[in-house]
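K.L.:
Feature table excerpt (Swiss-Prot):
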{"type": "BINDING", "residues": "Arg37, Gly38, Asp88, Asp89, Leu90, Val91, Asp92, Thr93, Gly94, Asn95, Thr96", "note": "5-phospho-alpha-D-ribose 1-diphosphate binding site"}
{"type": "BINDING", "residues": "Asp89", "note": "Mg(2+) binding site"}
{"type": "BINDING", "residues": "Asp92, Ile135", "note": "xanthine binding site"}
{"type": "BINDING", "residues": "Asp92, Thr93, Gly94, Asn95, Thr96, Trp134, Ile135", "note": "GMP binding site"}
{"type": "BINDING", "residues": "Asp92, Ile135", "note": "guanine binding site"}
Amino acid sequence: MSEKYVVTWDMFQMHSRKLAERLLPASQWKGIIAVSRGGLFPAAVLSRELGIRHVETVCIASYDHDRQGELRVIHAAETDGEGFIVVDDLVDTGNTAKEIRNMYPKAKFVTVFAKPAGAPLVDDYVIDIPQDTWIEQPWDLGLGFVPPIARK
């Protein structure tokens, strides 16, 4: 990745709220499925803004800070997705998105950010990001990158 795009908490909340507005009326949704870990943050905002208390997770590992690796499904919410919003922070290459589409074919799949390779795989997103740009999300940052406590 040649460029970095740094996202602040304020930016992230603003974009997530914009996504929530596009998902109205809230009464059409049974719940939210957050793609762990990046989708947990927008899921919290969507849950609050739409008044949805039923939040599930699908745990798919594909990244280790700045490297994309093999896809592993660790946990999956048991539904075909009907009436659910599936949310992730980003769609990048589309590898995770393809797996999500197979798992939850009837869900509305949304992300905050989308890169060109993955954008056609989601139903909606807020911000376009160039394919060669790495996103530094606010939960990964202090004044610089902060490794998770478990890695120390």
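Every residue, even glycine, has its Cβ placed from backbone N, Cα and C.
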K.L.:
Per 10 Å Cβ neighbour count, which of the binding-site residues Asp88, Asp89, Asp92 ranks highest?
P.N.:
Asp88
K.L.:
Of all the binding-site residues here, Thr93, Thr96, which one's CB has the most other CB atoms within 10 A?
P.N.:
Thr96
K.L.:
With GMP as the bound species and Asp92, Thr93, Gly94, Asn95, Thr96, Trp134, Ile135 as its recorded binding residues, calculate the greatest Cα-Cα distance and give it in Å as a whole number.
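P.N.:
The two farthest binding residues have Cα atoms 17 Å apart.
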K.L.:
Pop the Cα-Cα gap between Ile135 (xanthine binding site) and Leu90 (5-phospho-alpha-D-ribose 1-diphosphate binding site) into the table, whole Å please.
P.N.:
9
K.L.:
Distance check, please: Cα of Ile135 (xanthine binding site) against Cα of Asp89 (Mg(2+) binding site), rounded to an integer number of angstrom.
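P.N.:
Ile135 (xanthine binding site) to Asp89 (Mg(2+) binding site), Cα-Cα distance: 10 Å.
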K.L.:
What binding-site residues among Asp89, Thr93, Asn95, Trp134 are found with a C-alpha within 10 angstroms of that of Arg37 (5-phospho-alpha-D-ribose 1-diphosphate binding site)?
P.N.:
Asp89
K.L.:
At its widest, how many Å does the recorded 5-phospho-alpha-D-ribose 1-diphosphate site span between Cα atoms of Arg37, Gly38, Asp88, Asp89, Leu90, Val91, Asp92, Thr93, Gly94, Asn95, Thr96?
P.N.:
17
K.L.:
Going by DSSP, is Asp88 (5-phospho-alpha-D-ribose 1-diphosphate binding site) sitting in a helix, a strand, or coil?
P.N.:
strand
K.L.:
Determine, to the nearest whole angstrom, how far the Cα atom of Gly94 (5-phospho-alpha-D-ribose 1-diphosphate binding site) is from the Cα atom of Trp134 (GMP binding site).
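P.N.:
That separation, Cα to Cα, works out to 15 Å.
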K.L.:
Tell me the Cβ neighbour count for Arg37 (5-phospho-alpha-D-ribose 1-diphosphate binding site), meaning other Cβ atoms within 10 Å of its Cβ, over all protein chains shown.
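P.N.:
So the number of other Cβ atoms within 10 Å of Arg37 (5-phospho-alpha-D-ribose 1-diphosphate binding site) is 17.
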K.L.:
Which one is closest to Trp134 (GMP binding site) in space, judged by CA to CA distance, out of the binding-site residues Asp88, Asp89, Asp92, Thr96?
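P.N.:
Checking each of Asp88, Asp89, Asp92, Thr96 against Trp134 (GMP binding site), the shortest Cα distance is to Asp92.
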K.L.:
Cβ atoms within 10 Å, counted per site: which of Leu90, Ile135 has the most, among these binding-site residues?
P.N.:
Leu90
